[in-house]
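In what follows, a structure is listed as structure tokens, so that the remarks can point back to it.
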């Protein structure tokens, strides 16, 4: 299974390495990591740390997209969760209560989306658009339109603190990614989700409770969005309802797409989506470190993303496959070449 | 909120006032509440109106021009005595401004200007965003007093006019100081989160010890950046000077704590000068200049920032 996963995510790994090397090219100190003030400190750590919100969102988004759905509301849910957490601690609650309240808010948002999609059969893009627009308003109502700042150390720790020297957001997204991957891959759950995405009617006729599963994937999406929202708020010690998670749903969808998952549903890989999130963050890092004027930011990002997507497109993939097939057939035409090379290597060593 | 407004309105109706503004009705079309500053402007405008016994009709456009045009037409139909308009965009106002002119209702623009012939409105009360940048730059020039200083700059949203102007103003102020150089400049989108992220990359790329000052186009980015400086093990306000623009409450708090050094105020009180202009106009028909610049006051550690924080935080920032 590990081998299959590795082969599946190989393109993403290669792209990630290339983008990281691009970082190294613009800033030679990129791979330097040191232990400073009791925490790991370095650009590579920043990529893992700053990529946390999109990585978390991409976990839920992968499952939703695998069912042929989409969740546009995650950015707004982040804003709601941050606002809820901030209002709990400013109201005198503890950080744990705040976290639970924020996660419950995320689950409630997921339930809303899931019920609209699974029971009312509203198209996912429309169903989640409702919350995308209204959710930010809800968050603004909670914070009364201001940046609600807080000083609760426990809550701040979730965004700006460390666990064993590793920034907490990294630990959270790695743990969440591992947990969800294991749950969907060590059980039949992943396959059932894929079945819904490929043909919901057929999967229902085959005895899969598609409604419950659909609600579940939106619940997961709401849950991870809430986690991301708490991290983002904790990071700046304040809930910024206007800006928290703004347009982040698009980055999450992009991460899933860079991860090679089809927007038409079906087979999915969470690991690939997480790598996609890291690729996006590495691209952001290139832009920041290059020192180019900000007018170029979006152009550079667009160019890199286009190259990545074209490399992954079915046409290019097919060409590459044909090239590889041709190369291997040339090798098999001359079977005596390989042993000779092997021999040469052995004598040399 | 509604109850409060109702109380305000009734209080205004019951209070006999001698000023010219008394018993006048003014319509105020606000953009929305996209930022804390905007919310503070709304609060201050309402306060100013209550103080002067003006009956303020408030309309929140929720960032949509069509809502603002609707609100303006509503004000005209109600026959208000004057209109305050904080325009969400610069273009497309000509016809509704003409309607106001036909109804002989003076219109005063707040905070932003419009692309319309200037005889269609009475005046525009705005801050000079280029000058704000200049004040910040001048403070830095005076503070470093000839010493070499590498500055990192956090720009506002790329292409937005305050970002362009505040950058230009700052560059103008430091143009003659060859000891001050901007070594890195990148957008932080006017938000705390981006301010922190971008500052992190500045600190790594340049090294905290090589950065002498941070200039941020708004306070929110500066507040985010201050956290990044602390996490990098440097002392904001001492190792790295922090100067920004807006003077929001959290920045005053940061200055009070010694974590920031200076901020240039973008006053939320645009309505005060506007009401003064209307008072003069109603009293003897005095017409103002076509542009009234608000004060861009510099706040540093010499001011009582804790007191200003306590006063400002109730304004809705």
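Every residue, even glycine, has its Cβ placed from backbone N, Cα and C.
Note: TrEMBL annotation is automatic and uncurated.
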Transmembrane segment range according to TrEMBL, out of A:189-211, A:212-234: A:212-234
The transmembrane segment (A:246-264) touching the transmembrane segment (A:72-89) per 3+ Cβ pairs under 8 Å rule: yes
Contact set, same chain, for the transmembrane segment (A:212-234): CB under 8 Å, 6 or more residues outside the stretch: 52-54, 56-57, 59-61, 63-64, 66-67, 69, 71, 73-75, 77-83, 85-86, 98-99, 102-103, 105-111, 113-115, 117-118, 155-160, 168-169, 172, 176, 180, 189, 192-193, 196, 240, 244-245, 248
Sequence-remote partners of the transmembrane segment (A:95-118) [C-beta within less than 8 Å, at least six residues beyond its ends]: 69, 71, 73, 77, 80-82, 84-86, 88-89, 124, 127-128, 130-131, 135, 152-155, 157-158, 210-212, 214-227, 229-230
Cβ contacts under 8 Å made by the transmembrane segment (A:298-316) with residues that lie 6+ beyond its boundaries: 11, 15, 19, 254, 257-258, 260, 279, 283-284, 286-287, 290, 292
Beyond the flanks of the transmembrane segment (A:155-184) by at least 6 residues, Cβ under 8 Å: 35, 38-40, 45, 48-49, 51-53, 55-56, 59, 63, 85, 89, 95, 98-99, 190, 193, 220, 224, 227, 230-237, 270-271, 274
Within-chain partners of the transmembrane segment (A:125-143) [C-beta distance under 8 Å, separation at least 6 from its ends]: 70-73, 75-77, 79-80, 82-84, 86-87, 109, 112-113, 116-117, 239, 241-242, 244, 249
